[in-house]
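Here is the structure we will look at, set down as structure tokens.
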Amino acid sequence: MFQTLYSYFWWERLWLPANLTWADLEDRDGRVYAKASDLYITLPLAFLFLVVRHLFETYVATPLAGLLNVKEKVRLKATPNVVLEKFYAATSKHPKQADVEALSKKSGCTVRQVERWFRRRRNQDRPSLLKKFREASWRFTFYLIAFIAGMAVIVDKPWFYDLREVWKGYPIQSMLPSQYWYYMIELSFYWSLLFSIASDVKRKDFKEQIIHHVATIILISFSWFANYIRAGTLIMALHDSSDYLLESAKMFNYAGWRNTCNNIFIVFAAVFIITRLVILPFWIMHCTMFYPLDLYPAFFGYYFFNFMMVVLQSLHIFWAYLIIRMAQKFITGKVVEDERSDREETDNSEEEEEVAKNGPLSNGHPVLNNNHRKTD
């Protein structure tokens, strides 16, 4: 049965145009072609990336955070309470008003104390500023190096300037060593992101991130199997062109360099919109959808590849919406924040009580001199 499924999976009509077989892509005369077995190396490389990431975050990102004066917010811890903790862990982190009132009676706390306890408990579970900075530093470093390496791989190739060259001679297109390593490193990195997603900073687009990583892994793998390497290298370099800008903006945001963060973010927004909403759909996707039909009839691999491209493009539109919302905040003079982030909650009710009794507070203590402006 396994052998039957295996033969169906690798049926030439699924992966290659009509009248072509895998035998046409066997190495000969010094010309090397992409093979599915080449991708086995990406899994151990992904775990190697996780090790390198840990070392980088410990010995590079953490000292860098200290140099940039990345400061943690003082978080008030929720007092131990068995009843509230059980509800928090088993039922909901955001209890409804009826639940709050029931928990108040069970725990012996007032309604306001229960609400305050849940706010503080949720804040305890949120990732620290240092964790966010370290993660952004790692991704910035990889995306920047990957973009530079990707441009080095494709900038001297004829298909970088003329997209019709992408399909010239397809699929009998031999592979270069630089293309091999570019593919292996990119795919390994996205495997590592998928492996670490449960422990990474969770944002509001958590599900979209999973879809993005899975779609990217499938696209890269499929383009390798079907020898769509020329198109694949263009797509990967295009994606890396804006990602390092976003991660650098996050780093400066966590460090409190608001003006630098905002300026980089505007550059990122412009690059993202141009590359993901203009170049990708109107140049690259046009190239993958229409140019191949001049050479051979459409086959399953053609439809599958372009379907996955549409999935990615849908995610780009979703993220572009968030980016435009942040850009509007910047234009109106507000601080640019990541719309996907889970914001820290404050004990507003507690502060209101203390202000009424003792005047304004600073870190839980009355402010003796209230004439100073609060600065970011």
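For all residues, glycine too, the Cβ spot is worked out from N, Cα and C.
Curation does not apply to TrEMBL; its annotations are automatic.
Going by TrEMBL, these are the annotated features:
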{"type": "DNA_BIND", "residues": "69-129", "note": "DNA-binding region"}
{"type": "COMPBIAS", "residues": "344-354", "note": "compositional bias 'Acidic residues'"}
{"type": "DOMAIN", "residues": "67-128", "note": "domain 'Homeobox'"}
{"type": "DOMAIN", "residues": "131-332", "note": "domain 'TLC'"}
{"type": "REGION", "residues": "337-376", "note": "region 'Disordered'"}
{"type": "TRANSMEM", "residues": "39-56", "note": "transmembrane segment"}
{"type": "TRANSMEM", "residues": "140-160", "note": "transmembrane segment"}
{"type": "TRANSMEM", "residues": "210-229", "note": "transmembrane segment"}
{"type": "TRANSMEM", "residues": "264-284", "note": "transmembrane segment"}
{"type": "TRANSMEM", "residues": "304-324", "note": "transmembrane segment"}
Residue numbers, six or more beyond the limits of the transmembrane segment (264-284), whose CB comes under 8 Å of its CB atoms: 163, 231, 234-235, 238-239, 241-242, 245-246, 248-249, 252, 313, 316-317, 319-320, 323-324, 326-327, 330, 336
Tally of residues which DSSP labels helix, strand or coil - the DNA-binding region (69-129): 36 helix, 0 strand, 25 coil
Whole-number mean of pLDDT values that fall within the domain 'Homeobox' (67-128): 84
